[in-house]
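**Student:** My questions all concern the structure below.
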């Protein structure tokens with residue numbers, strides 16, 4: 001018999017109730033009691049949606065900020081700087097206070113989690129949220145399966161203090177548990193807490209618990225599997241049925257995974273075909289339940305239900321204990337497609353957000369049982385999802401005609417560099433910014449007024465021009481060498497281009513949580529991508545008309561647009577990336593023809609889109625590098641910049657070099673310039689590097705001395721002729737009164753540095 005189950009339904013609410021509750025609480029507009037009551041209502045709303053569609057309902061899913069933070073608090077891993085745990089006050093201090101935990105990407109998704117810091121080895125069951133939530137639903141007559149982040153994944157994503165030497169002095173740094181010894185030590189310390197948790201749930205009548213273990217799809221060592229066996233052997237002794245959920249990729253070792261001592265195993269059968277291949281070829285244990293994640297939890301497309309029913313029929317031949325489910329948590333999707341009334345024609349019927357995915361899970365089971373409504377849906381979904389949609393013959397022709405030369409600049413870097421230096425005549429240590437300037441309240445208000453039709457397009461454009469003029473005046477007064485227009489017309493670096501490109505749709509209500517209460521609306525790449533008209537030309541050329549200094553053209557790169565959007569599944573990602581790249585190349589050509597000499601193509605998502613297993617990296621980086629090269633195939637005299645605002649380059653430096661830009665700007669302030677070592681170790685590095693000398697995430701105004709120290713560090717390992725000076729990221733979230741003195745200090749520091757090395761200013 002087939003059962004139905006879903007997990008990870010978005011907590012945001014159809015009208016972003018979660019966001020409003022949190023932010024009103026933080027602003028002091030509602031009490032803690034009102035916050036809790038509102039969260040309980042959201043929790044019940046989610047549970048009722050589950051009940052309408054699936055038989056197995058999860059609990060302990062509605063975190064007040066982040067599920068990894070919840071687990072950190074649950075096991076009592078409160079760093080000493082936060083003092084005694086004082087309920088929600090400490091909880092939110094750990095999440096968003098002055099000394100908050102580090103925030104980083106959750107695997108290769110666009111969700112962010114708070115990194116646990118394991119200071120000591122004394123842990124305890126501090127807050128038993130899984131038990132509280134189970135009891136909450138039990139009192140309402142709803143039987144649930146508690147969900148908990150698995151101990152192995154929790155440890156793999158945690159950091160602990162480690163003693164290292166820096167310039168001959170002992171220093172304590174936080175590092176991942178990257179050795180067998182460190183992992184074993186903390187497993188031993190935390191396993192009793194997890195056992196106590198299971199005991200408490202068992203005493204309340206819980207007979208099944210699911211542990212989320214996405215770390216099992218990453219590259220694992222043999223000792224990792226030994227530790228996993230130890231964890232689940234111990235936990236299974238409690239006498240509660242255990243399930244392990246894996247997602248985002250195939251499990252790294254099928255044989256070891258299916259032999260773990262648990263009752264149920266969840267497989268992502270969407271991200272690739274390896275899990276399914278292993279299940280069919282190697283079989284599946286008769287005494288275990290196979291949870292088949294066949295409904296895509298990461299992409300918003302309606303399922304071809306005929307294909308899914310057929311797949312389940314195949315799986316039933318392998319396992320009689322079958323559960324149909326989603327491939328990964330549904331919180332990567334908006335709540336529902338229902339209110340979307342401005343999508344391109346024919347698109348809405350092809351979409352399925354979280355609410356619709358729950359219904360699809362139910363329909364698959366009902367179709368297997370031969371129910372008429374479900375069978376009609378099977379037919380309808382197949383008809384819609386197999387029809388040709390949003391194809392552009394001209395885009396296809398351009399793709400088909402691409403050859404190797406389209407992925408190469410006309411001249412090698414060293415020859416381009418000479419030409420560009422002659423044209424730009426920039427001083428040593430040229431100064432610039434990354435692109436955006438403060439988006440103040442008046443900018444947001446005018447954008448909203450324009451979007452809602454309260455002001456005309458002409459009024460809005462005139463307002464943007466005033467802002468650009470002010471930004472140019474400020475930069476000239478400060479003395480920056482290469483200027484930017486400020487990006488006042490852009491609310492989001494991907495959405496801005498998505499709106500202007502054919503083949504990409506934006507939603508009105510398709511909000512997804514990124515972290516805490518922060519939401520975004522991913523664009524949807526639904527068809528062949530092309531550029532019907534120039535996208536940035538008007539603003540950039542206006543800015544350039546106001547100054548004799550070079551103004552950078554500012555584009556978001558093809559890899560980032562793809563990785564931060566939902567994308568179609570009927571063509572390979574490589575092809576989508578090349579389509580976007582060709583559209584951007586058209587923009588580059590227009591900017592060049594308008595006299596723009598410096599063009600920046602930002603790729604912040606270049607690394608984060610990489611597959612979770614390194615064996616899959618060569619294929620990904622091959623098309624990622626080529627997409628950038630295709631978009632940036634400018635004239636030799638045009639200086640191409642790129643920007644990457646993360647600091648872990650070690651593993652991908654070779655791929656970064658292959659991108660063949662002229663200048664790359666990087667974050668260097670938070671790592672105090674340590675990132676420079678990566679470029680030092682790379683033999684033959686000859687590209688220019690913009691050193692991010694101050695942390696834009698802090699309101700503090702950096703001193704000349706602090707910034708100079710980072711530059712001096714860089715000068716020890718890189719030729720001074722290669723170095724630029726810039727902040728580490730865009731200045732959109734800062735205030736003008738912070739930005740102006742910081743940039744003034746930065747420019748003054750660069751001038752002093754030129755004098756110190758004997759160059760006339």
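Cβ atoms here come from the backbone N, Cα and C positions, even for glycine.
It should be emphasised that the depicted structure is a prediction, and the values quoted were computed from it without experimental measurement.
Under the heading 5-methyltetrahydropteroyltri-L-glutamate binding site, Swiss-Prot lists 16, 17, 18, 19, 105, 564, 608, citing sequence analysis as support. The L-methionine binding site feature in Swiss-Prot is assigned to 434, 435, 436, 487, 602; the stated evidence is sequence analysis. Marked as L-homocysteine binding site by Swiss-Prot: 434, 435, 436, 487, 602. For 643, 645, 667, 729, the entry in Swiss-Prot reads Zn(2+) binding site, with the evidence type sequence analysis. What Swiss-Prot lists as active site, proton donor is 697, and the listing cites sequence analysis.
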**Student:** Using the Cβ center of 434, 435, 436, 487, 602 as the L-homocysteine site position, which other residues in that chain lie within 8 Å, going by their Cβ?
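**Tutor:** For the L-homocysteine site the neighbour list reads 433, 484, 493, 554, 600, 643, 730, 732.
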**Student:** Out of the recorded positions 18, 19, 608, 645, 697, give me the one sitting nearest to residue 602 (L-methionine binding site) by CA distance.
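**Tutor:** Given the candidates 18, 19, 608, 645, 697, the nearest one is 645.
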**Student:** Calculate the distance in Å between the alpha carbons (Cα) of residue 434 (L-methionine binding site) and residue 729 (Zn(2+) binding site), and round it to a whole number.
**Tutor:** 6
**Student:** Between the Cα atoms of residue 436 (L-methionine binding site) and residue 729 (Zn(2+) binding site), find the distance and write it as a whole number of Å.
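**Tutor:** Their Cα atoms are separated by 9 Å.
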**Student:** Tell me, by DSSP, whether residue 435 (L-methionine binding site) is helix, strand or coil?
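**Tutor:** SS state of residue 435 (L-methionine binding site) = coil.
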**Student:** Under a criterion of Cβ-Cβ distance under 8 Å and sequence separation of at least 6, what residues of the same chain contact residue 645 (Zn(2+) binding site)?
**Tutor:** 434, 604, 666, 667, 692, 728, 729
**Student:** What Cα-Cα separation, expressed in whole Å, is found between residue 643 (Zn(2+) binding site) and residue 435 (L-methionine binding site)?
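**Tutor:** That comes out at 10 Å between the alpha carbons.
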**Student:** Including all protein chains displayed, how many Cβ atoms other than that of residue 436 (L-methionine binding site) lie within 10 Å of its Cβ?
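**Tutor:** There are 22 of them.
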**Student:** Report, as a single number, how many Cβ atoms besides its own are within 10 Å of the Cβ of residue 105 (5-methyltetrahydropteroyltri-L-glutamate binding site).
**Tutor:** 16
**Student:** Cα of residue 487 (L-methionine binding site) to Cα of residue 16 (5-methyltetrahydropteroyltri-L-glutamate binding site): how many Å, rounded?
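**Tutor:** Their Cα atoms are separated by 27 Å.
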